[in-house]
Amino acid sequence: MSSRRSVGDPEYLTRRIPQNPRYQHIKTRLDTGSSLTKYIEKLEEIKRNYRYRKDELFKRLKVTTFAQLVVQVASLSDETLEVTNEEIHKLEGGNSPASDADAELTAGTNGKGSPNGTPPSPVLFINNAGAGESYRSTLQSLISGVGELDIEKDTHKKADTQAKDTPYPDCPFLLLDVRDRDAYDQCHIVGAYSYPIAMLSRAMNPYTNSILEYKNAHGKIIILYDDDERLASQAATTMCERGFENLFMLSGGLKVLAQKVPEGLITGSLPISCQVAAPTGSARKKPVPKVPPTRAESKWRYSAEDLQKIKYYLEEEQLPSDTASRLSRGSSGRDSKATTARSSPSLPSTAGSRMLSRSSIQNRPWK
């Protein structure tokens, strides 16, 4: 009997699918759960971006946690600044009745300070709202109130701009850049102080006044960062050995910061080693014009646009990526839609949910 022959090539199932280098950077959207391949990729990412050691004396601070801390501090400082401005305007408005009373007193003069009739009795000054003021001081307040009103407004505006150019008052963290001064002038995080690692080798006065103020202070921390944890880990270890207990290192440095929050936190142009590489397998390679690197600004506070960018990237990082969380999010979304459809005919938009998530980020206390 002749042996039965199988249909098709037996090596068809073991044949590997040829890979196109053009689409190697595109990842699958189907998440099959935990696997050895994903675990190896995660380990490679950790080795590429982080430098963990078993005997680390310092504590680490994630980039996302630092961004949340920045948003909370900036929003709280802006609220207190608005409250103080409102109080100043209220105090300025409270002086208007006194100026009206002064105008009534000057109505009895001929414009040169000489009274038309009998001089006012001392009883008027006692019963007046400005008790204890003499006739001369009342006229002086009137003169200063007419001509110097615009000057006072300009001084308030200058004070507001000067307050925005200074660091945040009572900031819970002190951010130190341990790179060289040239690298700091090229690019740094907003609100960071330049503190090169060579300062630790000084025999006399190795620390600045701000570092001594924040050292082991209650409710305050010191954060060190660099490009890729090489210098920051050495500086953090040395400072912890010298008695700093509230010291943290920004995990990943500017390299991970450029990946997680590429806009809003940094002023100046990032170094080439920290820039995110473009995907290699592109359909058409377009020539990218080279932009000259810009110098970092002397910037101590975040603008409203910077805070919006930081919140946007924080929302992108907090979105769940695994299948189970997506399924749970979808089921909870369907349940919430059903309940809202019963209660109200209109469904909430995604913008409302984003605003809720942003407010929840701001309401979280920093740790």
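Cβ coordinates are placed from backbone N, Cα and C, and glycine is handled just like the others.
The region 'Disordered' annotation in Swiss-Prot covers 89-121, 319-367. Look at Swiss-Prot and you will find 107-116, 338-367 tagged as compositional bias 'Polar residues'. Residues or ranges marked as domain 'Rhodanese' by Swiss-Prot: 169-266.
Per-residue confidence over the domain 'Rhodanese' (169-266) averages 91 (mean pLDDT, predicted model). For the domain 'Rhodanese' (169-266), the DSSP counts in helix, strand and coil order read 37 helix, 20 strand, 41 coil.
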